[in-house]
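Dropping the structure in here first, questions after.
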Amino acid sequence: MKDTIPTAETASRRPEPAARGGRPRRRKLTFDRVTFFLAFLGVPLAIFVIFVLIPFGQAIFWGMTDWRGFSPDYNFVGFDNFTKMFQDDIFLKALRNVALLAAFVPLVTLTLALGVAVAITLGGPSKGPVRGIRGASFYRIISFFPYVVPAIIVGLIWAQMYDPNAGLLNGVLTGLGLDQFDTFAWLGEKAAAMPAVMFVIVWGLVGFYAVLFIAAIKGVPGELYEAAKIDGAGRFRTTISITLPAIRDSVQTAYIYLGIAALDAFVYVQAMVPNGGPDNSTLTISQRLFNVAFAKQQFGYATAMGVVLAAVTLVFAALVFLVNRLTGGGEGESKRKAPGSRARRAAAKGGAR
């Protein structure tokens, strides 16, 4: 065995000796480290405080007043606005509606987006290497197109399509022999209004998240799929055992963003059903807030609604993180339970042979 003589280069790569007690020594603050933290931590933190925390604190303050918006005069009323809010039947109906949207829209959208992404990325011929379907780029553009159209335009287009007298949807259904839909009011029937609104929101968002998942799936090592294919795993089994665990963080992030969009959903709903629908069946908190502020000029009360909506959004995000952690998510779990470990072993054996 050849003896090696330590050089300056190898010596510089040696780990620094630990301090007493086994603790590593603290690195000294240098100009480079200070400027790095100021640029990449201090500036974003300052922006967050100025544009998020301070306005939110102001919103809490104005939510405790009877401010009318167009006057400098106001009175401090404490928690009266919040008490009034939870005694307001219309607000409670709006709260139930957004809870329904947050429960179904993310679930349906992500399920469809995952299906589209897997089909485009891994749905190619079963023979040969694992690859996407032919014309994947075309299908990716087509699926993404609804997201490119502004939400207000999407809402107005679908409002015309849902029109009971001259709408395209009723015309198509009637042409197929379903005469009961001749003058059916999709946005005027209590039982149909909310599902119709949900469909439009899902239609407008599913393409974006499909493209997001396509990018995430392409980051999964190809040898995992090849090894799973050698093991005899089908497409469904491969998707459940390899693809989903590998893109779990992307799914979690998408679920949070979709939940926030569903809890708001102001643009889509306001474009299609500006009056809140039959018996307020499609009314959202954002719509109620808008009407209270600008129609009744109760800006203090409306601001209190905004504070509650922000709190509900934070609770939703926290629940998503909690569920993900309890079901095995998180960085630590991903290191202990790496997806496709069996496939990795199979690939390693194949390479050794």
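The backbone N, Cα and C atoms fix where each Cβ goes, glycine too.
Sharing the record's features from Swiss-Prot:
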- 337-353: compositional bias 'Basic residues' (COMPBIAS)
- 95-320: domain 'ABC transmembrane type-1' (DOMAIN)
- 1-24: region 'Disordered' (REGION)
- 329-353: region 'Disordered' (REGION)
- 36-56: transmembrane segment (TRANSMEM)
- 100-120: transmembrane segment (TRANSMEM)
- 141-161: transmembrane segment (TRANSMEM)
- 197-217: transmembrane segment (TRANSMEM)
- 254-274: transmembrane segment (TRANSMEM)
- 303-323: transmembrane segment (TRANSMEM)
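Situate these features within the shown structure.
Beyond its flanks by at least six residues, the transmembrane segment (36-56) meets 307, 310 of its own chain at Cβ-Cβ distances under 8 Å.
Through the fold, the transmembrane segment (254-274) approaches residues 98, 101-102, 105-106, 109-110, 113, 151-152, 154-156, 158-159, 162, 187, 193, 196-197, 200-201, 204-205, 209, 212-213, 282-287, 290, 309, 312-313, 316-317, 320 of its own chain, all at least 6 residues removed from its boundaries and within a Cβ separation under 8 Å.
Panel annotation: around the transmembrane segment (303-323), residues 56, 59-60, 62-64, 67, 81-82, 85, 91, 95, 98, 102, 252, 255-256, 259-260, 263-264, 285-286, 288-289, 292-293 of the same chain, lying at least six beyond its termini, place a Cβ under 8 Å from a Cβ of the stretch.
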Which sequence-distant residues neighbour the transmembrane segment (100-120)? Criterion: at least 6 residues beyond either end, Cβ under 8 Å.
132-133, 136, 139-140, 143, 194, 198, 201-202, 205-207, 209-214, 216-217, 235, 239, 243-244, 251, 254-255, 258-259, 261-263, 265, 284, 316
Cβ under 8 Å to the transmembrane segment (141-161), counting only same-chain residues 6 or more beyond its ends: which ones?
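For the transmembrane segment (141-161), the sequence-distant neighbours (Cβ-Cβ under 8 Å, at least 6 residues beyond its ends) are 116, 120, 167-169, 187, 200, 203-208, 210-211, 267-272.
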